[in-house]
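Here is what TrEMBL records for this protein:
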- B:87-277: domain 'ABC transmembrane type-1' (DOMAIN)
- B:22-46: transmembrane segment (TRANSMEM)
- B:91-112: transmembrane segment (TRANSMEM)
- B:124-143: transmembrane segment (TRANSMEM)
- B:155-178: transmembrane segment (TRANSMEM)
- B:199-223: transmembrane segment (TRANSMEM)
- B:229-248: transmembrane segment (TRANSMEM)
- B:255-277: transmembrane segment (TRANSMEM)
């Protein structure tokens, strides 16, 4: 008797279920299907060309002499690493990336700490600081090349003129430093924004408690703020690296790769676009990828730790 | 009675005053830093309104009279190449690729967040890993492919490439935005008998729209800024605005005002979009990891 009375009351729970339950396999495909267009697109447009690059890198192939194309194994890699100019561009890439990332990270941290405080016009200052990141990269490079660095009428020498300083030719004297300064100017705002987000996600109660216990600002910074910021610093460093390793615009615009500023992306561009050395260009391209994979391995670890934390929070 | 309450009032106000003073000083430092970082852009803007003679002086001329000649010349008044085709190409490449990204990324993000497929984090990481594959690694095959299929100097090839460049970021961002839609609301709507299209347009869309807008802005900015692909794969017909700008690389001081006007005009859409979405910009660039 009880069984019959409970049965109807349980029925509404089952009501929304479909009348004919689809097979589990069909259902699995139905949930997977929306992913497929994006996945197939990405594999076709990014993975296939890379595989082609990998294959070409094993050939001696100058597009001006297409008939002389032949398989050479790792010879192109030997050439890239053996040629002083090409080896130089590997070194330049490392130097450029490390210098720009570190400098913009330190500056970005200082600015983020300044902007984390309340003061009049904070929103305006933040907007002023973000602007360099929002100028089209080629335009930013042109700005530095012509408007700031020019030895005859550039703003830098114009300002130096007022204090009776020297009038250096910035790009000729310190070409790599000139490229780095322009990139630091563009990337510091990005680092600042990431670190500012980190600062504002700190536990304010914990900081108040530490202050009540008599901790100095410096102690709070070293023992509370920095450990909290670590993940944000790592994230900024790794994302900055990924973008700056690939930088082409600044090198191309400021120095056209001259004066020892050619990095790997510029070298790849030049060796196939101007020298028509398809095999060499591909080998250099594969080396850029290997470098990026090393960075990316660390990057993925950091991002996945951020990610796990978020999944844990939910 | 706690330690703070026991502290003499005089000491408390004194440290408070010292801290306020230091705070005001640091605020000034922040203002100074903001001005230093913005100075090159302000100077570029001022120079763009100077005549070419006033633009190229040392010491710099602050008080020179203003003119629109730089802009007039940039838009082709001196018989030089008009920037309009390049600007139009950039607009087509950026807007079309952004739309294509949305069409591909929205269903993917839906599958990864609202009704997650198994191993969905692996799929997300695959998308992310393609972002770490440097552009130069695929440049040559794409160039050879375009050359052999007559797609060189065709804006639609850039649309495809820019879509692949932005799709991973878009999937990540939208995944994190859609994950914020409470599943309980969706379930409730379904129990009330709403079908999938209704659920998507009435429940999911209103919550996710600001995120979708931010994602679109970021995709637009990246496409608008891109130089390497455009430089290699376009020529006369499909030239984009950044490629047009590279025409100024060798130009000398005679055209300084024109260079400044050109740089500002071409940066304007990005500056506008970027200021509109400052916070989302970071979130997008850091692949949703920073909230």
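Keep in mind that glycine also has a Cβ here, set from the backbone N, Cα and C atoms.
Automatic, uncurated: that is what TrEMBL annotation is.
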Restricting to the same chain and to residues at least six past its boundaries, which positions have a Cβ under 8 Å from a Cβ of the transmembrane segment (B:199-223)?
90, 93-95, 97-98, 101-102, 105-106, 110, 114, 162, 165-166, 169-170, 173-174, 176-178, 180-181, 185-186, 189-190, 269-270, 273-274, 276-277, 280-281, 283-285
Contact check, the transmembrane segment (B:91-112) vs the transmembrane segment (B:255-277), 3+ Cβ pairs under 8 Å, seq sep 6+:
no
Is it true that the transmembrane segment (B:124-143) and the transmembrane segment (B:255-277) have 3 or more CB pairs under 8 Å, sequence gap of 6 or more?
no
Under an 8 Å Cβ to Cβ limit, what residues of the same chain, 6 or more beyond the ends of the transmembrane segment (B:22-46), are close to it?
60, 62, 260, 263-264
